[in-house]
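Q: Here's a structure for you.
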Amino acid sequence: MVMIQLRARVAFLVLPLFVFGAPTDEPDPKEATTLPNGCRRCCDPLDSHGSSEVTPGPARPHASLYPMPEVRPYINITILKGDKGDRGEPGTPGKWGKEGPPGDRGPQGQKGSKGQMGAPGDPCKHQYAAFSVGRKKALHSSEGYQALIFDTVFVNLYGHFDMFKGKFYCYTAGLYYFSLNVHTWNFKETYMHVMHNDQEQVILYAQPSDRSIMQSQSLMLELRENDEVWVRLYKRERENAIYSDDVDIYITFSGYLIKPSLE
């Protein structure tokens, strides 16, 4: 209890020092103000109208009693920053992204210059095209049009005749000769066309009869490149059919190039 009272008294005596500051013997500039008896009060302003004479006091190095130093920290970044390192190795490439939509078609470019003339061709070189195919199985027409398909090859030069579609494709333009041979069926009608692309060119026809006979048709056509020639069956009011067996071949279709075009 005695220690607590002693600490309270010491605090009471020291508190004015923190509030008002410690006394000093240095004169204050405000003391230069003079009173009527020749003295000045420290609380009087320097330009007081009540004083008749202002005597400047001695210069002081500081304006306050206990000046506080101004601390401005400064860090030199240049001494902390190191030298630039070497360039690292390239990383592994990433995965391909999704393919974007196709862009718009660009404008048409300018026409190129004409090329140089090629070397002259061989005057003794000729172009050829020929085929001859057959069928061993009989065939009855369906409700509509039906292409005649062949199963036997006699000649198919350069593979210009497509056995799966039953069509000859022209790869060498010129004048061609074609021939179609079939065997009719007893008491059944035979009705066929030799087709040039989608147009009927000639018909092979036989009326129903109690006798089966061989029928043939032939023609010449001027073909252009990529033209098609084929045989088509067509069913009318009566049944349409052609005869054959697995031993002999009664149905044949042949064609060859007579003269190529000069184009």
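Placed from the backbone N, Cα and C atoms, the Cβ positions cover glycine too.
Feature list, courtesy of TrEMBL:
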- 124-263: domain 'C1q' (DOMAIN)
- 79-121: region 'Disordered' (REGION)
- 1-21: signal peptide (SIGNAL)
Q: Restricting attention to the domain 'C1q' (124-263), give the mean pLDDT.
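A: Result for the domain 'C1q' (124-263): average pLDDT 88.
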Q: Is it possible to list how many residues within the domain 'C1q' (124-263) are helical, extended or coil according to DSSP?
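A: In the domain 'C1q' (124-263), the DSSP-based counts are 3 helix, 77 strand, 60 coil.
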Q: By DSSP, what is the split of the region 'Disordered' (79-121) into helix, strand and coil residues?
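A: For the region 'Disordered' (79-121), the helix, strand and coil counts are 2 helix, 0 strand, 41 coil.
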